[in-house]
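One structure is given below, encoded as C-alpha cells.
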Amino acid sequence: MSTPQPPMPQAAGAEWQSVPGSPYPSYTSPIPVTPTHLGNAIASEWTKIRSVRSTMWTLGVFVLLVVGIGMLVAVLVAANSGESDLAGENPLSFGVFGLLLGSMCIITLGVLTTASEYGTGMIRTTMTACPTRGRVLAAKAIVFFLVAFTVTFASVLLVALADMALLDGARTPSGSEWLKGTLGISLYIALLGLLSLIIGSIIRHSAGAITIMIGLVLAPLVIALFMFSEALEGLRQALFDYSIPNQLSVFYTNALSDSGPSGWEPLWIAVGVTAAAFAGAVTLLQKRDV
Amino acid sequence: MIELEGLTKRYGDKVAVDDLTFAVRPGIVTGFLGPNGAGKSTTMRMMLGLDRPTAGDVRIDGEHYDRLKDPLKYIGALLDAKAMHGGRSAFNHLLFLAQSNGIPKSRVSEVLDTVGLTSVAKKKAKGFSLGMGQRLGIAGALLGDPRILMFDEPVNGLDPEGIHWIRNLMKSLAGQGRTVFVSSHLMSEMALTADHLVVIGQGRLLADTSMADFIQQNSRSYVRIRTPHRERLLDVLHEAGVTVVESGSGALEVDGGEAERIGELAAQHQIVLHELSPQQASLEEAFMQLTAESVEYHAHSDGPSPVAPATPRQPWGDDWKRS
C-alpha cells in the first residue's frame, strides 16, 4: 500500500453502525480535496492527445501534404508559366490543393480524439474521472482546436511565404488577402476538424465518423458534377457553391461570384454548423449511457 | 458508503437490473455475486453515473455521483482491464487520469509502485498481458486514494500470485476503513475475500447477508456412510430416529454432524462400515443453487439440465432458496 496504515481490528466493520453522529465515517485520504474544473480536464486531454502516436502520424502527414504539395505546385507553376500568365493571380491560392488533401488528416485526428475512446471503452474511465460530460467534450474541443489551428497556421504560412518567393509574376496580395489566406483558412480547417471531433462523439465509431466527414467534404461536389438535368440547375449550383472544396477556394479569391459564399462567409457558416453540432452532441452526451 | 434504492435499468423490454435496494458499507469487503449476465456490471455503471437508471436512485455518501467535486478521490473503480488506449504508456494513462482530478503527479509513480508496474511504466499498454492490464486498472482506481473502491471482476486474468496479491490488497483497503465493493461470478473467490455478500440473479436481489451467515445457512454438513449391510443399517438408524437419504452412488447420507452417534449405533449392532465421513457442501454449490433459476445463458449439453440441481442428491437447498 502506498499509504501504509496498521490494519484496523476486525470489528471495524461493525463500528460504523454504532456511531450515530457521522453517517458516513470512512477512510480520509491525505491527498487534499480540491474541486475539479475545466482546467483539469484540459490538462488531461492535452496529455491524452500528445501521448499517442496517431496524433504525430496524422499531423505529420498533414504537414507533409500541405507543405509538400504547396511547394510542388508553386515550383511547377513557376517553371511552366510565362511572365504574363500569372498576372493578377493571388499567389497564395496555390496552397489550396495541399490543404484539400491535408484536411483528411485533420478530419481523421478529430474523429479519433473522441471516437477512439468508445472503441476501447476508455470513455468509461474518462467519464468516471469527470462526470460532467459536457466538460469532457469542451476540453477535447478546446485542446484539439488549438492543436489543429496551430499546426495548420504554421504550415499554411510556410507555403504562403514560399509561394510569394517563387511566383514572381503574380501580384502582391493585399493585407486582407493575407489574413484570409492564412489565418482565415487555418481557422476553417481547424473548424472542419472540430466538426469531425463532434461527429465522432455522436457516432461513437471511428470508421463511421471518418466516412461521414469525407462524404461531407466530397459528396456535394461529386453529386453536382453528375447533375446534367436542366431542371436541377439551381440545386447543382448550390451544391457546387457550398461544397467544401469551393468554400476553401473562397478564402483565396477577391472576386465575388454571382452566387454562393464570398469573403469570410465560409468561416461564419463553419462556425454556425460546428456550434449547432456541438450543442447537439452535448445534449446527446447527457442523455445517452456512456 | 453506497446506497441503492429501487435501482432499475431496462433496455427496451429487457430488464437488466430489477429494483435493487442494498447498501455497501465501509470497513468491509462486500462481494457482489451473480452469474454472467446477472446485471453486475450494469449496476456498477449506474453507481458511477455512466448509465442512467430507468428508475430508482443510487447515492455515494448521500450524493449522486455526478455531483461529486473530486470523483477520483471519492471512488476508484476498475471496470474493464482492456479499457485503455493501447498506444499510450502506463505512466501517461495514469497521468491524464491524475490531471483530470488535480491529483499530484507524484501519485502516479506511487501507485505504479503499489501495483508493481514501475519497470514497465514507459511501455505501451498494448504489450501488456491481461494481468498487467488489471494491475494498471487497479493503479488507476487507487490513484486518488479514494474512500470507496469498486472492482469489476478484478481477478480475471491474474495468475495465482496476482490473485493472492489482490485479495490481500482488498482486505487491507477495507481494514483502513474504506468501502470495498468487488464483483465476481466465482463464489469460491468471494469466500476468501468478502465479509459481506450481495447476490443477484437476472437483475434481482437474491441475498444480502454477511459471509458468515451465508456459510452457516448454506454449507450443509452431512455424514456419508458406506456399508455392505445396507438394509440392516437403515433399520437401525430408522429406529434411532435418524433420517437417512440415499445418495446416487449407493452411499447413505445423514444430515448434521452425527458421525459419532452413527458409528456407535453401528458398533452396537455389529454392522460393518466401509466409510463414515463427515462432509461439507461447498459454497460454490450453494451459490449455484441460489442462482440456478436465474442463470441467463445455459449451455445445452447432454448433461443434466443446470436448472435442476446439478447434484443427484436430495435438493437440500430447498429450505433456504426462499430467502
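Note that Cβ sites are derived from N, Cα and C of the backbone, with glycine treated the same way.
Annotated features, as they stand in TrEMBL:
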- A:1-20: region 'Disordered' (REGION)
- A:56-79: transmembrane segment (TRANSMEM)
- A:91-115: transmembrane segment (TRANSMEM)
- A:136-162: transmembrane segment (TRANSMEM)
- A:182-203: transmembrane segment (TRANSMEM)
- A:210-229: transmembrane segment (TRANSMEM)
- A:267-285: transmembrane segment (TRANSMEM)
Hey, which bits of the same chain come close to the transmembrane segment (A:56-79), Cβ under 8 Å, at least six residues off its ends?
86, 91, 94-95, 97-99, 101-102, 105-106, 108-109, 112, 147, 151-152, 154-156, 158-159, 162-163, 166-168
In the same chain, who gets a Cβ under 8 Å from the transmembrane segment (A:267-285) while lying at least 6 residues past its ends?
133-134, 136-137, 141, 184, 187-188, 191-192, 194-195, 198-199, 201-202, 242, 247, 261
Looking at A:91-115, A:136-162, A:210-229, which one has the highest count of Cβ pairs under 8 angstroms to the transmembrane segment (A:182-203)?
A:91-115
